[in-house]
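S.K.: Before anything else, here's the structure in question.
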Amino acid sequence: MGRDYYIFSNGRIKRKENTIYFEDFEGNKKGLPIEDIERLHIFGEVDLNTKFLNYISRYSVLISIYNYYGFYSGSYYSKKKNVSGVLLVNQALAYDNYEFRVAIAKTFIDSAMHHILRNLRRYKEKTSEFVKAIENERKIMKEAKTIEEVMGAEGRARKKYYESYNAFLKFLKNDFHFNKREKKPPNDPINALISFGNSMMYTTVLGEIYKTQLDPTISYLHEPSTKRFSLSLDLAEIFKPLIVDSVIFNMINKGMIKKSDFDTDEGICYLNENGRKKFIKEYENKLSTTVRHRTLNRNVSYRELIRLECYKLIKMLLGDEDYKPLKAWW
């Protein structure tokens, strides 16, 4: 099993025999054995050619591209080896059955709210009012009849959740402050952390979907569109509070991230290269952390939990068993 590699410098990628070389514009080279690469994340300005893409396609390496501010721009992935016409038809039929689609969407958000509440209850002396508000939105969501109602309850719950961030920040006694969630563009360090973390989460989920027979463009909570892998957005809802928020709180709590790790350009606040490296290190550590799985009776990593979620969705779509989303028990 390969690993993720991150390229922050500007340069070019070349292939020599069975090794990929990254060469920066000063002539420094670093070899990356192709068998060891599972995903390649490119943050710098990097030149590559079709020969390179044809070569890595044989090994099903997923390439994710990020813009100047570190936000996800798109992916290159080879022709899928794991395909199933039956599953594709069932995945589309599930979307076309509106009542069934709403039911699936509700399970994603119920899991997300479970993990949001889990985070809040760790600081219960500071967050009790937010817990009550989100629990109320969770009840409303469970009675929803439309996707709009589901997303409305989710949006209100997440707004309350983000309002609780200052309770966390004050409790942790640090220099960060958070007014409200601003996505386009992020305008302060906390918003920059959330946006960058969510962007990484989407690419991680996409990578796990890609290993299965699921089609990443057919989704249930988020409306499918022509320019996004919307199923990764659906499944990321489950894991953002469990992984991304946990990393953010941990880094702030331990003083691992500083204001010097952020830059601002024309009102856009973003993690600079040093900040991105710090975040990715902790993010990868979180993904590799293991828990004892109650059903499988073995240790599984957080990354594997994402793929297991894909498999559970497949079983539901094939009619093998009901879908029960992950709800952290540890």
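Every residue gets a Cβ built from N, Cα and C, even glycine.
Feature table excerpt (Swiss-Prot):
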type	residues	note
BINDING	Glu154, His222, Glu237	Mn(2+) binding site
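Quick one: where do these features end up spatially?
M.R.: Around His222 (Mn(2+) binding site), the same-chain residues six or more apart in sequence whose CB sits under 8 Å from its CB are Ser230, Leu233, Asp234, listed in sequence order. According to its DSSP assignment, His222 (Mn(2+) binding site) is coil.
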S.K.: To test your reading of the Mn(2+) site: which residues beyond Glu154, His222, Glu237, same chain only, put their Cβ within 8 Å of the Cβ centroid of those residues?
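M.R.: Near the Mn(2+) site, the remaining chain residues are Ala105, Phe108, Ile109, Ala112, Val150, Met151, Leu221, Leu233, Asp234.
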S.K.: Can you check which residues sit near Glu237 (Mn(2+) binding site), meaning Cβ under 8 Å from its Cβ, same chain, 6 or more apart in sequence, and list them in order?
M.R.: Phe108, Ile109, Ser111, Ala112, Glu154, Leu221
